[in-house]
Structures are given as C-alpha cells and as structure tokens.
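Peer 1: Please read through the structure below; I'll follow up with questions.
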Amino acid sequence: MAANSSNSTSGKSVGKQASPSAEQVVATFQRMRQEQRSMASKAAEFDMEINEHSLVIDTLKEVDPSRKCFRLVGGVLVERTVKEVLPALENNKEQISKIVETLNTQMQSKGRELTEYRERYNIRLVGEDEKQGKADASQAKDSEGGGGPKAGAGVLVS
C-alpha cells in the first residue's frame with residue numbers, strides 16, 4: 001500500500017509540473033512581449049537608416065560622379081568619388097530593406113504566438129475593457145468545468 005501511495009503522489013507532482021505556475025506564465029508572457037518590443041524598436045531604427053540612405057542617395061544623384069565625397073566605413077572616414085559610393089549606398093539600402101521585411105514577418109509571428117499564449121492561459125492586461133474581461137471569465141468558468149489544463153488561468157498582467 002505504501003508503494004501505491006508514493007506512486008500516486010509522484011504522479012500528482014508530475015501533473016503539477018506540466019502546467020506552469022502563475023508567476024511562470026507571467027514571466028514568459030512578459031519575456032515574449034519584450035522580444036516583440038525589441039524587434040519593433042530594431043525595425044524602427046532600420047527604417048530611420050533607410051530614410052537617411054535615401055536622402056544621401058537622392059542628394060548624390062544630382063552631383064557630378066567624379067566629385068570627391070567622404071564615407072564613414074567602420075569608424076574611419078574614407079575619401080572616394082560619388083560614382084564609387086552611390087552603388088554601395090544603394091546596395092546597403094536594399095539590404096536594410098530586406099532586414100526590415102524579415103523583422104516585420106518575425107514580429108507578426110511573435111504577435112500570433114502572444115495571442116495564442118494569452119488565450120491559452122486566459123491572460124488579461126491591466127486596463128483592458130472590464131466588461132470584456134468579465135465576459136471572458138464567465139465563459140472560461142463554463143468551459144473549464146474541472147480545472148483541466150488551464151490550472152494557471154486568469155492571470156492578470158500589468
């Protein structure tokens with residue numbers, strides 16, 4: 001009998017480990033939100049670089065191609081001609097645009113992942129419409145029945 005009771009308690013602890021605690025849910029959710037914010041920040045930074053490249057490219061297109069210009073390369077100011085610098089700037093602008101597209105795609109997938117995570121653990125943000133939160137809570141109580149996999153549900157995140 002003692003063996004049966006120890007097996008049943010170890011089975012319960014394994015079941016508890018399968019669903020994270022409220023603190024773990026909140027920490028994971030906040031980490032995911034921070035990742036999305038950092039991606040958005042990086043994308044905005046790259047957008048500013050694209051605008052700067054466009055401004056310089058538009059300016060250099062109107063200048064004599066043999067004219068001397070200076071370019072900062074790895075912290076060193078290098079003297080070149082406009083016809084040497086212009087193609088490099090256009091190539092850099094294209095590369096940055098591709099990076100921004102990739103970041104936007106990653107942000108969208110991270111947003112979907114966040115939404116799924118919020119729905120899975122019934123996470124409500126502080127400041128959300130209280131009526132919507134009450135409606136979601138009543139639906140969750142009706143659908144859960146016995147606790148099930150949503151044992152850490154109803155987490156409120158600030």
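Heads up, the Cβ atoms here are built off N, Cα and C, so glycines get one too.
According to TrEMBL, the coiled coil annotation covers 86-120. According to TrEMBL, the feature compositional bias 'Polar residues' maps to 1-22. TrEMBL lists 128-144 with the feature compositional bias 'Basic and acidic residues'. The region 'Disordered' annotation in TrEMBL covers 1-25, 128-158.
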Peer 1: Any idea what the model's mean pLDDT is for the coiled coil (86-120)?
Peer 2: 97
Peer 1: Below 8 angstroms Cβ to Cβ, which residues of this chain, lying six or more residues outside the coiled coil (86-120), approach it?
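Peer 2: The answer is 28-29, 32-33, 35-36, 39-40, 42-43, 46-47, 49-50, 53-54, 56-57, 60-61, 65, 71, 150.
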